């Protein structure tokens with residue numbers, strides 16, 4: 001598949017997924033579990049048919065390694081979604097998760113004993129400053145919310161602090177999972193699609209622990225207003241339509257990233273994913289009219305400029321522009 005098609009899948013799928021997730025979260029902030037379960041179930045069924053060949057294909061990586069990876073993956077997914085129920089606004093949620101470079105570098109230094117160049121440390125400093133700026137300004141907004149009385153204000157702020165702690169934990173756990181995957185791929189070879197299937201199939205029994213919450217939101221979804229799906233004319237509760245579109249766009253997003261990793265360099269993949277996050281952030285702010293001050297914009301700029309510095313995209317663009325520059329007589 002042409003890389004341009006993969007880029008289209010990433011932008012179309014991931015950006016649309018953010019829209020439907022926010023539509024769901026705005027109506028029912030605690031619906032993260034049913035959203036995560038639906039995504040896992042859909043991707044697991046697709047992988048069971050097309051990757052595992054209905055269970056007849058043996059995994060290239062020993063299954064015990066996938067159980068460790070799945071425990072990390074499941075935890076990260078649930079915690080990230082649950083953070084939306086802890087006074088964490090969607091723009092801050094997206095910006096905070098952009099700090100994966102910080103967590104990866106920190107754990108790389110601690111666990112893998114890696115050392116980085118000065119430019120890498122500078123880029124991480126920019127990302128850190130950007131996230132701190134946005135986090136601090138969001139804290140001021142929560143604390144000064146006019147809809148809160150003196151008793152509710154401190155309580156809401158404590159819930160917000162718990163949300164920040166949850167996002168931090170998920171960020172570090174995600175980075176640790178990346179290091180674990182890197183170690184497995186070096187030992188057994190790259191099997192990204194197989195890992196995608198097992199990461200979504202093995203955690204499914206764990207959702208039994210969340211069954212009451214999932215059932216509760218399924219009942220609430222059934223009670224939402226009816227919606228007629230365009231083209232096919234099917235009528236169903238609007239929240240189920242949002243969930244269906246969220247699941248489909250999540251699958252398109254993940255598939256696009258997977259195709260991109262097989263067709264392009266890691267630099268290109270990182271750049272595309274970074275730009276996709278920026279487009280999603282801008283759309284979320286403008287379309288849903290989320291509160292975003294000038295300080296937030298400054299912090300966002302720090303995050304994404306730092307991310308681009310980390311990918312060293314400028315070093316790659318320099319020779320390309322030099323080749324295209326017309327020669328002087």
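Note that Cβ sites are derived from N, Cα and C of the backbone, with glycine treated the same way.
Note that TrEMBL annotation is computational and uncurated.
Feature transmembrane segment, per TrEMBL, maps to range 257-275 of the set 257-275, 276-294. 66-84 is the stretch from 32-54, 66-84, 196-215 with the greatest number of Cβ pairs below 8 Å to the transmembrane segment (156-175).
Through the fold, the transmembrane segment (66-84) approaches residues 25, 29-30, 32-33, 35-36, 40, 59, 90, 93, 97, 163, 166-167, 169-170, 173-174, 176-177, 180-181, 184, 195, 198-199, 202-203, 206, 210 of its own chain, all at least 6 residues removed from its boundaries and within a Cβ separation under 8 Å. Panel annotation: around the transmembrane segment (227-245), residues 16, 20, 23-24, 27-28, 34-35, 38, 220-221 of the same chain, lying at least six beyond its termini, place a Cβ under 8 Å from a Cβ of the stretch.
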